[in-house]
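According to Swiss-Prot:
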type	residues	note
BINDING	Arg25, Glu83, Lys122, Lys448	(6S)-5-formyl-5,6,7,8-tetrahydrofolate binding site
BINDING	228-233, 247-253, 272-275	GTP binding site
BINDING	Asn228, Ser247, Ile249, Thr252	K(+) binding site
BINDING	Ser232, Thr253	Mg(2+) binding site
DOMAIN	218-372	domain 'TrmE-type G'
Amino acid sequence: MNFENNSTIAAIATAYGVGSIAIVRISGPKSLSIAQKLSKKKDIQPRVAHLVTLYDDQSEPIDQAILIYFQAPKSFTGEDVVEFQCHGGVVVANMILQELLKAGARLANPGEFSKRAFFNGKIDLSEAEAIAKMIEAKSEDAAKILAKQIKGELKNYIENLREKLIRILAYVEVNIDYAEEDLPKDLQEQIEQQLNDIQEELQKIVASSKRRAGLIEGFKVAIIGKPNTGKSSLLNALLDYERAIVSDIAGTTRDTIEESVRIGTHLVRFVDTAGIREAHDTIEKIGIERSIQAIEESDIVIAMFDASKPLDAEDKKILELIESYKDQKEFIVVANKVDKGKHLDLSDFDALYMSVKKEITPLTQKLQKLLDSFANTEEIMLVTSRQIEAVTYALENINQARTPLQMGELEIFAFHINRVIESIGSITRPMQSSELLDKMFGEFCLGK
């Protein structure tokens with residue numbers, strides 16, 4: 001694969017800032033000759049750590065560094081790659097990078113090293129996406145899931161699934177060639193059962209992946225309730241500082257407030273919503289609409305009630321919301337302000353009776369237990385919306401293939417199964433345009 005006339009690319013691979021070591025990386029046909037020029041060392045052996053002095057174009061020393069040469073195709077990109085491990089900080093790494101550019105390399109685009117690895121067959125697209133997500137991993141569980149995907153777990157699963165589908169297609173196409181004969185009944189039933197199994201498996205993977213998406217991106221927890229139930233007090237207690245305004249005036253929080261906290265090993269974004277009540281103020285009404293949106297976008301919802309007062313119409317609206325979303329969302333019901341009295345019974349909702357201004361440990365413990373239940377690192381997981389969309393499209397075509405199979409319209413059935421195969425295959429090696437790939441790899445950081 002040619003990349004801009006076999007160009008050699010260069011970038012700083014480590015994060016910008018102060019550190020003990022920085023890594024500058026080059027990849028392409030000129031990598032070795034450029035390394036020889038900067039180090040004034042001709043005998044550079046592959047996969048050997050060479051201690052060298054690097055020089056600028058005026059033969060002035062820049063730094064003493066470790067130079068490692070990875071000869072093609074045994075490198076991350078599949079090309080000749082050289083890494084310079086120099087002293088950390090911004091200045092030295094930038095000086096080395098500038099000399100590499102003077103010597104014939106060009107500055108790499110974001111994600112270009114991974115893009116070259118993809119086009120050279122060193123990684124597939126699911127592995128490339130996992131690399132990008134690993135850099136931004138928010139938890140240990142995320143790192144474990146992504147490490148498996150980088151190792152090829154999803155790729156292997158997809159290949160096995162494609163083989164099953166291709167086998168089904170082969171059975172059908174043999175019968176298409178003999179159009180005068182119907183598909184044998186036992187074979188049709190066998191194919192239907194195989195499709196049922198594949199469909200059920202894919203549906204579980206999509207549902208599980210959506211449910212566990214917070215492991216990768218961080219979980220979102222919405223705090224809802226009518227005004228003055230203690231939502232802002234809870235957020236402040238979780239943060240251990242006063243982020244939200246606490247007031248006895250209803251409607252003080254008129255917009256959603258988001259803050260991130262670690263609960264156990266999980267990164268959690270708490271959303272303190274506007275109180276859900278009959279709104280007479282346009283601004284407050286917008287806040288309430290955003291509260292409902294926050295519920296729909298959240299993984300977990302904490303519903304707050306004032307235990308010191310009987311349920312009123314506004315509380316009942318919250319209970320109606322819980323009933324509406326209980327099959328889609330996880331809820332934790334909190335009866336707050338028990339220090340002022342206990343005048344409502346929420347035992348049907350397994351409520352926590354507490355005063356969030358005094359003690360939130362029971363709530364954080366229940367929340368952590370719930371978050372831990374998401375953390376199944378053993379199951380296959382789709383880690384990007386692109387992967388989920390590909391499987392969803394495949395499921396649509398499996399459904400569309402059923403009637404043609406039952407009606408004996410085998411060519412139409414084969415058309416839909418081909419769509420399924422293409423869609424599933426696109427997870428690892430898409431057939432789309434280079435423009436899409438440019439966009440995807442462009443979201444990587446420099447040096448990857």
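Cβ atoms are placed via backbone N, Cα and C, with glycine included.
Counting other Cβ atoms within 10 Å of each Cβ, the lowest count among the binding-site residues Arg25, Lys122, Lys231 belongs to Lys122. Using CA atoms as reference points, the binding-site residues Arg25, Glu83, Lys122 were checked against Ser232 (Mg(2+) binding site), and the closest is Arg25. The distance from the Cα of Lys231 (GTP binding site) to the Cα of Lys122 ((6S)-5-formyl-5,6,7,8-tetrahydrofolate binding site) comes to 50 Å. For the pair Asn228 (GTP binding site) and Arg25 ((6S)-5-formyl-5,6,7,8-tetrahydrofolate binding site), the C-alpha distance works out to 56 angstrom.
DSSP assigns Lys231 (GTP binding site) to a helical segment in the three-state reduction. The DSSP secondary structure for Arg25 ((6S)-5-formyl-5,6,7,8-tetrahydrofolate binding site) is strand.
Within the same chain, the residues at least 6 positions away from Glu83 ((6S)-5-formyl-5,6,7,8-tetrahydrofolate binding site) whose Cβ sits under 8 Å from its Cβ are Ala13, Ile23, Val24, Arg25, Leu67, Ile68, Phe70, listed in sequence order.
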